[in-house]
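Read through the structure below, which is laid out as structure tokens, and then see the notes.
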Amino acid sequence: EIVLTQSPAITAASLGQKVTITCSASSSVSYMHWYQQKSGTSPKPWIYEISKLASGVPARFSGSGSGTSYSLTISSMEAEDAAIYYCQQWNYPLITFGSGTKLEIKR
């Protein structure tokens, strides 16, 4: 089973700040996907196949990486971006998720 380790577990960013969340895999993976979850809702697909934005995701989000190291970046933090972000990989037949990164607004 491939283990995904996210960093940081919790972070706070000021509005307009650049934010980067990393996801490290215990073995090389071909693709990494990201989900956004807000309080009281199910996780939504956010970035798929490393860098492709899901429908409706703002262009300030981007994804990158290869092998065992991947990241999600927000170029300029907005209030609506406060959420929990999860990385996810599918290594047939197992799907594994990271433990999540909680992104808060720094006030």
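The backbone N, Cα and C atoms fix where each Cβ goes, and this holds for glycine too.
Note that the structure is predicted; figures quoted are calculated from it, not measured.
Marked as region 'Framework-1' by Swiss-Prot: 1-23. Among the features that Swiss-Prot reports, disulfide bond is placed at CYS23-CYS87. The annotation region 'Complementarity-determining-1' is assigned in Swiss-Prot to 24-33. Per Swiss-Prot, the feature region 'Framework-2' maps to 34-48. Marked as region 'Complementarity-determining-2' by Swiss-Prot: 49-55. Sequence annotations record features per position, and here Swiss-Prot assigns region 'Framework-3' to 56-87. Swiss-Prot lists 88-96 with the feature region 'Complementarity-determining-3'. Marked as region 'Framework-4' by Swiss-Prot: 97-106.
Residue counts for the region 'Framework-4' (97-106) by DSSP state, with H, G and I taken as helix and E and B as strand, are 0 helix, 6 strand, 4 coil. Long-range neighbours of CYS23 (disulfide bond) (same chain, six or more residues apart, CB within less than 8 Å of its CB): LEU4, THR5, GLN6, SER7, MET32, TRP34, GLY65, SER69, TYR70, SER71, LEU72, CYS87, GLY98. Assigned with DSSP, the residues of the region 'Complementarity-determining-3' (88-96) fall into helix, strand and coil as follows: 0 helix, 7 strand, 2 coil. Reduced to three states, the DSSP call for CYS87 (disulfide bond) is strand. According to its DSSP assignment, CYS23 (disulfide bond) is in a strand. In terms of DSSP helix, strand and coil, the region 'Framework-2' (34-48) has 0 helix, 9 strand, 6 coil.
When Cβ-Cβ distances under 8 Å to the region 'Framework-1' (1-23) are tallied for each of 34-48, 49-55, 97-106, the top count falls to 97-106. Other C-beta atoms found within 10 angstroms of the C-beta of CYS87 (disulfide bond) number 29, with every protein chain shown included. As a summary of secondary structure, the region 'Complementarity-determining-2' (49-55) carries 0 helix, 2 strand, 5 coil according to DSSP. Here the region 'Complementarity-determining-2' (49-55) has long-range neighbours at 31-33, 61-66, 70, meaning same-chain residues at least 6 beyond its ends whose C-beta is under 8 angstroms from one of its own. Along the region 'Framework-4' (97-106), the predicted structure has mean pLDDT 98.
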